[in-house]
Amino acid sequence: MAVSTQLGLLLWKNFTYRRRQTVQLLIEIIWPLFIFFILISVRLYYPPYEQHECHFPNKAMPSAGTLPWVQGIICNANNPCFRYPTPGETPGVVGNFNDSIISRLFIDAKKILLYSQQDKSFEGFKGLVRALRKLQRNNEDLREMAAECPVVTPETDSNQFKPLTLLECFKLKDFLRDNESLSEFLEKNATLPKHAVRQIVEANVNLEKVLIKGFGVHLRDLCNSTSLEEFVTIADKNVSDVTQKIICQSSSDWLNSAESHFLSNLDFLKPIRKDVKSDPKIIKDVSIATDSLLESLGALAVELASMKSWRDMRNEILSLTGNSSQSPNHMYQAVSRIICGHPEGGGLKIKSLNWFEDHNYKALFGSNDNDSTIESSSLYDNSSTPFCNNLMKNMESNPISRMMWRALKPLLMGKILYTPDTPATQRIIHEVNKTFQEFGVLRDLGGMWEEMRPKIWNFMENSEEMDLVRTLLQNNASARFFNAKLSDTDWHVDDVSRFLSKASEDTRPHAKGYTWREVFNETDEAILTISRFMECVNLDKLEPVANEERLVNKSMHLLDDRKFWAGIVFPDMKTNTSDLPSNVNYKIRMDIDNVERTNKIMDGYWDPGPRADPFEDMRYIWGGFTYLQDVIEHGIIRALTGSKEKTGVYIQQMPYPCYVDDIFLQVMSRSMPLFMTLAWMYSVAIIIKGVVYEKEARLKETMRIMGLDNGILWLSWFISSLIPLLISAALLVLILKLGNLLPYSDPGVIYLFLASFGIVTIMQCFLISTLFSRANLAAACGGIIYFTLYLPYVLCVAWQNYVGFGAKIVVSLLSPVAFGFGCEYFALFEEQGVGIQWSNLLSSPLQQDTYNLSTSICLMLFDAMLYAIMTWYIEAVFPGKSTL
């Protein structure tokens, strides 16, 4: 019988058998699809995300300055990724946080300090006082003018006169507006006759006392602690007594109304700014001094009004302290706006998937067995203040804050050991120590404030200077002048007046309005907090040890309390000389958990995206290695050259181009071979069972007796098994593309890959079938053997750092392993947003990797030939029943 006839009959037989087993055939085709339908449902929840390019903010080193350094530590804690170039990448700009509230506050404070060196307000006040007192001393030249001001005093008879100075010659009417309504008010509301009203308006005023000491004196005070005659002198004694009686017997509401009406008619500077008595030179001097003071106060008010950073800082702090129910995210955003100038969400978070291969997170989360015992014993530190111990306890109570605290504690409280202790190394260490001593200003801030605190309070509350400013603010003319000066700001004279009000004069409810006392108290609290916090920072960090061995031993003890930053070893320093070699060698020794591992130079598992994980990839930064290196390098430069110039250093991570961030594929890249293996496990069992059943039922021997060639029989089984697998593979390609599981890869390449795996799987089934003579046992055990051959791929993934190209070739003799490697390359190319194409079939997405998808396909086809030869050999050597 011809070969084609035999093959046709066998194929017809196999087709008839499968047609009669319709349900079995449908399950064989649909079962692989069912598994991938589950994957599609998962895929819908995790679509691929096309990540924009990443720009990372630069990191300031200590040489860049204390504030940029501290800002960099806090603001770059999560190493944010920005879609566009950061401010520090702009030509001529190095700082990324110039728009932060604290940076603007420092700039404003510096501007105010520079302005205060040129401010003439205090000089203007002293000039006005000198002019007024000079006016008072010139009695002899002004006797004639003073004689025109007769007055009856308590010490004199009504017919005697006391000479008055010019300051006492000013009358109350000189201080009233031209269209004053005070006289009408006194006639109607105080029921005073016109004669008495005229005597009050014509009363003499002591200008010096009114301008300098008159602020804060109310009508109700003129009946108790202060006498009316200290400020005004009424010629008619009877009118004076009646006025005093009215003040003492009237209600508080009436006195407040009268005082308000009186102040609304006042113009304090009218007698000075106007020609009262033929405009003498003394009055001109007073007028000039007044103009100078108003001008300087107006300019100072404008400068202070432009300082909006303090208002922003206060609003953020009140938001933080006033609402205890805020989430940690809102609190972090507020702190970020203060220190960094942007909320935490301003940068994208880039997560790394290399965490699963390292155990370094134990150092951060404290997952060691004895870690809880060590930390519980170190929560209270006898060398620290109660405030510091309470701070450490609070930081240790929360997992996130505990992680941050354990990273920062060595920097804040850790020691830096160095060896050897020679005159030469001391020169370097002296320069290094200057960086940390700059923080001493913050530590001493509390003591300086305690000394200045009562002086500042007394000046603002009781000084003549501030009383004069308050008086000027209540004057209508000067108020108009100030309002004109403040027209371009958010301030008004009323706001400034309320802000500068005395504590005894402020009748508003508590916490209503914003006064200098709130600023004073908030500043006092802030300085106290900073001073207490600085007590928790060890600024005496540098400590010498005899040699490197002792350095290591001492560091081990310090590490128990996490109080070891680093050790510095200068191996080439001579003992008895202070001369430094031209090439200074040194090494920095740190805890292994705070620096990068040195047993590898690349991540074992590649995933797209920058190395931006703040804890795993930035260990040289947050561990303090680069900071210490910068300090030492600049210390050596200054010690060698004697130069005091500082060159600030910023380091910046290279930008990363756009890429596809696909969490689904990142997870599936290792799981896809498993799903494909499970997808065809049923088909494997069916193929093995069918082949063994013919052997068990003696059908094979019967057909061979009838003249059937053995090769034709195996070929018929191969074709009959391959057709369902190819149909299943075609449907799988359709699902993988339409389900967005492999969106970028070429469908032709995917089908070639799956068809190759189908061919080698069939040959593997033939090989397994030679080991059995019972169909049901073969189906059960065959599926287990098929799945077991996949497991070496899992070991290859776990040991990928140690599995080279040769080892991959050897383990790829197991077809599921070769298939697993191929699936991995599919996932890696998909993560790159490229996918497997015919053009990159011979390339690998990994550097220095000679294994690729074409290698996987070729090895699977080679495995198919190898399994076929082994099947022929076993069947030829063991033609009877198998030992199994």
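A Cβ is built for glycine as well, from the same backbone N, Cα and C atoms used for every other residue.
The annotation transmembrane segment is assigned in TrEMBL to 25-46 (among others). For the transmembrane segment (25-46), the list of distant contacts is 18-19, 662-664, 668, 675, 678-680, 682-683, 686, 724, 727-728, 731-732, 735-736, 739-741: same-chain residues at least six beyond its ends, Cβ to Cβ under 8 Å.
Feature annotation from TrEMBL assigns transmembrane segment to 672-692 (among others).
The annotation domain 'ABC-2 type transporter transmembrane' is assigned in TrEMBL to 672-873.
Positions annotated as transmembrane segment by TrEMBL: 712-736 (among others).
Tertiary proximity for the transmembrane segment (748-772) is limited to same-chain residues at least six positions away from its ends with a CB under 8 Å from its CB atoms, namely 676, 680, 683-684, 687-688, 691-692, 695, 714, 717-718, 721-722, 725-726, 728-730, 732-733, 736-737, 742, 778, 781-782, 785-786, 789, 815, 818-819, 822, 826, 836-838, 841, 853, 856-857, 860-861, 863-865, 867-868, 870-871, 874-875, 878, 882, 884. Among the features that TrEMBL reports, transmembrane segment is placed at 748-772 (among others).
Taken from TrEMBL, the feature transmembrane segment covers 784-803 (among others).
Here TrEMBL flags 809-829 (among others) as transmembrane segment.
Residues or ranges marked as transmembrane segment by TrEMBL: 850-874 (among others).
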Long-range Cβ neighbours of the transmembrane segment (850-874) (under 8 Å; 6 or more residues past either end): 714, 749, 752-753, 756-757, 759-760, 762-764, 766-767, 769-771, 805, 808-809, 812-815, 818-819, 821-822, 825-826, 836, 841-844
Beyond the flanks of the transmembrane segment (672-692) by 6 or more, those residues with Cβ under 8 Å of it: 17, 24, 27-28, 31-32, 35-36, 39, 717, 721, 724-725, 728, 732, 757-758, 761-762, 764-766, 768-769, 772-776, 778-780, 782-783, 786-787, 790, 793, 816, 819-820, 823-824, 826-827
